[in-house]
Structure formats: structure tokens, C-alpha cells
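Q: Can you keep this structure in mind? I'll have questions shortly.
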Amino acid sequence: MAAAAVVVPVAYRNASAAVPDWLNKGDNAWQMVSAALVGMQAMPGLVILYAGLVKKKWALNSAFMALYAFAAVMPCWVLWAYKMSFGNRLIPFLGKPGLAVSQDYLIPQAFLPSTHYVDGALETAAIQPWYPMATMVFFQFAFAAVTVILLAGSVLARMSIRAWMVFVPLWITFSYSVGAFSVWGGGFLFQWGVMDYSGGYVVHLASGAAGFTAAYWVGPRLKEDREEFPPNNLLLALAGAGILWMGWTGFNGGDPFAANVDSSLAVLNTHICAATSLLVWTCWDVLFFKKPSVIGAINGMITGLVCITPGAASGTVPWYTMMVLSRKLPLLQQVDDTLGVLHTHAVAGILGGALTGLFAHPDLSSMFLAVPNSNGAFYGRKGGVQFLKQLAGAAFIIGWNVVVTSIILVVIRVVIPLRMSEEELKIGDDAAHGEEAYSLAGQGQREKFSHNGRIQLAESQIP
């Protein structure tokens with residue numbers, strides 16, 4: 001009896017070179033959507049979140065810092081930084097820099113040389129998703145862009161925009177790429193089995209540690225801004241927070257590199273954790289301050305999203321470090337971390353990473369981790385070792401970002417002041433950009449600070 005012919009759906013029949021045999025249209029579509037969702041977290045998500053959370057005179061400058069960073073990362077990424085983060089190994093913590101823009105590189109099937117070796121023998125093959133390299137390059141770009149924009153939250157309302165313009169490409173090159181390659185791209189932490197599902201270390205811990213370090217070197221806001229810094233538009237901030245939340249669907253859902261069971265589970269767990277953390281943070285606010293806070297709810301949402309990213313969940317510890325500990329420890333009082341990125345990202349990221357070392361289920365870990373037999377301490381089989389690996393991985397990310405961020409800023413300040421002048425700090429957006437965010441009824445009159453410090457009306461306002 002003759003075997004039945006295999007009928008291939010029309011959509012998967014090769015009609016041109018644009019539909020090669022290895023292309024899975026479903027995976028490719030999901031990965032591009034995920035990349036777009038992560039990109040939207042930054043632009044417009046963080047752009048309008050920052051614009052709404054800061055004092056009115058800093059709305060435009062804060063939004064522009066995020067906008068500029070999003071654009072500036074792209075040329076760095078495709079010209080050298082992608083291969084430094086995900087290319088062939090140069091040294092144990094960095095890939096070989098190189099172009100990722102040629103058609104010969106972008107059209108073939110995606111390939112991540114994240115291989116695992118045991119005693120010199122290949123144990124786990126490189127990852128080859130069922131879509132072109134162009135999709136992977138764009139997906140990973142969105143993560144890099146989000147990371148440096150999160151860092152910006154620590155230095156809003158005083159960092160010189162010219163210094164920021166120089167800082168962004170240097171930081172992506174010498175700091176982000178090292179963390180990405182070490183943990184994700186086949187570097188020594190990856191080979192060792194450190195777990196970071198979707199950026200708890202590479203994105204959040206790195207941005208929090210680097211942001212706090214940058215805040216130290218740039219210096220504080222004006223005294224009056226530190227003492228009184230009311231958000232100028234909480235509704236706008238809520239819109240940005242909403243985009244950030246929904247964008248996390250792609251942030252975690254896209255990291256299995258396929259539309260599979262792992263991605264579905266990741267998406268659901270992401271939203272469960274975000275909602276739970278928001279509610280817990282709000283309950284603590286009501287318990288201690290007698291009122292629910294919109295800003296607190298946003299922070300709770302963010303810490304939940306951050307903490308779930310490496311595979312675990314919590315909201316209480318970041319609340320405590322931000323609302324209680326930051327008012328007691330001299331270092332946290334001295335360093336002016338404008339939006340508390342240390343707490344919402346670094347603390348939540350390291351907490352999630354450490355808890356992964358305790359709660360990582362071996363069956364779920366095998367779905368995404370190339371290193372076999374990895375599991376949390378609560379599941380036996382030397383699981384306690386994984387917890388220590390997670391702590392060691394966090395220590396490396398923190399140490400590298402503190403040192404490299406410090407070096408970059410010390411070098412920049414030789415030629416460009418890191419902090420705006422006192423006069424510019426008093427004026428805000430108009431001094432930095434010659435523009436202002438709002439010109440509402442009764443607020444259209446622009447004030448100018450003369451060199452002698454006296455307030456003068458703009459020429460158009462003088463009768």
C-alpha cells in the first residue's frame with residue numbers, strides 16, 4: 001500500500017527566497033511583535049513616564065534623555081555592540097566586535113553561539129531559532145535601549161545633556177555588552193550556569209547599579225528640587241507605566257525565542273507578579289502612610305515586573321529599601337537617585353535572581369537554560385550551588401557596572417561637565433533645550449534668568 005502524500009499548507013510552501021525552508025512564520029511574527037513591545041516600553045513608554053514623574057521644569061529634558069538614548073543605541077548596536085554581546089567569543093566576558101548590518105549576516109537563520117562545554121567537549125549546541133538573524137538583532141537592540149534609559153532615571157533633573165550624549169554609546173559598548181555576553185551570549189557566567197531568563201541581571205541590576213554610580217559622580221539636584229519635586233502630570237505617568245506593563249508581554253514572552261509553551265507561561269506569570277506586587281506595595285502604603293499612592297502603585301508594578309524577569313517574585317523588600325532604609329542609611333541619603341532606580345531595578349533584580357537560585361524548577365529551567373541539570377535549592381540535586389552561583393553572578397554585574405560607569409564618567413568630565421550649571425538648574429528645560437513642555441493658560445509667560453540672577457520676562461512679554 002502506497003504511503004499517503006504529505007500535504008504542506010500553502011503558507012509554508014516555498015514561493016521565493018524570502019520564505020526559506022527553515023523559516024517558521026509563527027515564531028518570526030511573535031518575535032518581531034515581542035521586539036516591538038519591548039521597544040515601545042522605551043519609546044514612548046519610558047519617555048512619557050519620565051516626563052510625567054518629574055517636576056514641570058524638567059519634563060522636556062527628562063523625555064529627551066530617554067528619546068536620545070533610544071536612538072543613539074541603534075547605530076552602536078548594529079555597527080559593533082551586537083556582536084560584542086552575542087557574537088563569537090573574544091575573551092570570557094566579551095564577544096568580538098563587528099558589523100551586524102550586511103545582508104549576508106542578517107538574512108540567514110538566526111544563530112546564537114551560546115554553547116556549553118564540559119571538559120572541552122560540546123554538551124549543549126548553539127541556539128538556532130526559526131527566523132532570520134535580522135529579527136534577533138532587533139529584538140536584542142530593544143533590551144539594550146531599555147537598559148540605558150532605565151539608568152537615566154537616576155540622573156534626571158541635573159545631568160548635562162551633552163555629557164549624556166557622550167555617555168550613552170560608551171556605556172553600551174563597555175558596560176552593557178559585557179554583562180549581556182557574560183550571562184546570555186556564551187560568556188563565563190552562561191557557561192557556569194547562572195540563570196537570567198530575561199534580564200533581571202543584564203538589564204535591571206545593571207541599570208540600577210550603574211544608575212546609582214552615575215548619580216554619585218554627576219552630583220545631586222538643586223537643594224530645592226530634592227526637597228520639593230512634585231510630578232507634573234501623573235496621568236501622563238500612568239499612561240507611560242501602562243505601556244511599560246503591557247510591553248513586558250514581549251520582554252518576557254519573547255525570550256524563549258519562539259511562540260511555545262515557555263513563552264505562554266512566561267507571559268501569564270509576568271502579569272500575575274506585576275499585579276500582585278502593585279497590590280502589595282499599595283497595601284504597605286495604606287498601612288504606614290494611611291493613603292494609597294499612585295506613584296507607589298507604579299513603583300510596585302515595576303518591582304513586580306523586574307523581580308519576575310529572572311524567574312521569581314517579590315514586592316515587599318524594594319518597598320522597604322525605598323521607603324524606610326533610604327531614609328536611614330547615609331549613603332542612600334547622600335546619593336541623589338532621582339527616581340529610585342536602585343530600589344525598583346537593582347534591588348528587585350538581585351532579589352529575583354537570588355530567589356531563582358532557590359525556587360527554579362528543574363523542568364521549567366530545562367525549557368530555556370542551555371546548561372543541563374540546573375535547579376533551585378528547594379529541588380535537591382545540589383540545588384544550593386545554584387543559589388551561590390546566582391549571588392556570584394550578581395556580584396560580577398554590580399562590580400563591573402560600578403567600575404566601568406565610574407571610569408566612563410571620570411573621563412567624560414575631563415572635557416564636559418557632568419552636571420548643569422547652577423543657573424541652568426534653576427531654569428530647567430528652557431536652559432537645556434530652549435523649549436518648554438507646557439504652555440497652558442496662565443502659564444504661557446516664560447521667565448528668563450539674567451546673568452545677575454534676577455528674573456526677567458521674555459522679550460515677547462515686555463509691553
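Numbering starts at 1 and runs along the chain as displayed.
Note: Cβ is positioned from N, Cα and C throughout, glycine not excepted.
Predicted automatically and left uncurated, TrEMBL annotations should be read as such.
Quick paste from TrEMBL:
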- 29-438: domain 'Ammonium transporter AmtB-like' (DOMAIN)
- 33-53: transmembrane segment (TRANSMEM)
- 65-82: transmembrane segment (TRANSMEM)
- 137-157: transmembrane segment (TRANSMEM)
- 164-189: transmembrane segment (TRANSMEM)
- 201-219: transmembrane segment (TRANSMEM)
- 231-248: transmembrane segment (TRANSMEM)
- 301-320: transmembrane segment (TRANSMEM)
- 340-360: transmembrane segment (TRANSMEM)
- 391-416: transmembrane segment (TRANSMEM)
Q: Hey, which bits of the same chain come close to the transmembrane segment (340-360), Cβ under 8 Å, at least six residues off its ends?
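A: Sequence-remote neighbours of the transmembrane segment (340-360) are 150-151, 153-154, 195-197, 200-201, 203-205, 207-209, 211-212, 299, 302-304, 306-314, 317-318, 321-322, 326, 332, 374-379, 383, 386-391, 393-394, 398.
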Q: I'm a bit unsure how to read this: which one of 137-157, 164-189, 391-416 has the highest number of Cβ pairs shorter than 8 Å with the transmembrane segment (201-219)?
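A: It is 391-416 that shares the most Cβ pairs under 8 Å with the transmembrane segment (201-219).
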Q: Among the recorded stretches 65-82, 137-157, 164-189, 231-248, 391-416, which has the greatest number of Cβ pairs closer than 8 Å to the transmembrane segment (33-53)?
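A: Most Cβ pairs under 8 Å with the transmembrane segment (33-53) come from 231-248.
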Q: Taking every residue in the domain 'Ammonium transporter AmtB-like' (29-438), what is their average pLDDT?
A: 90
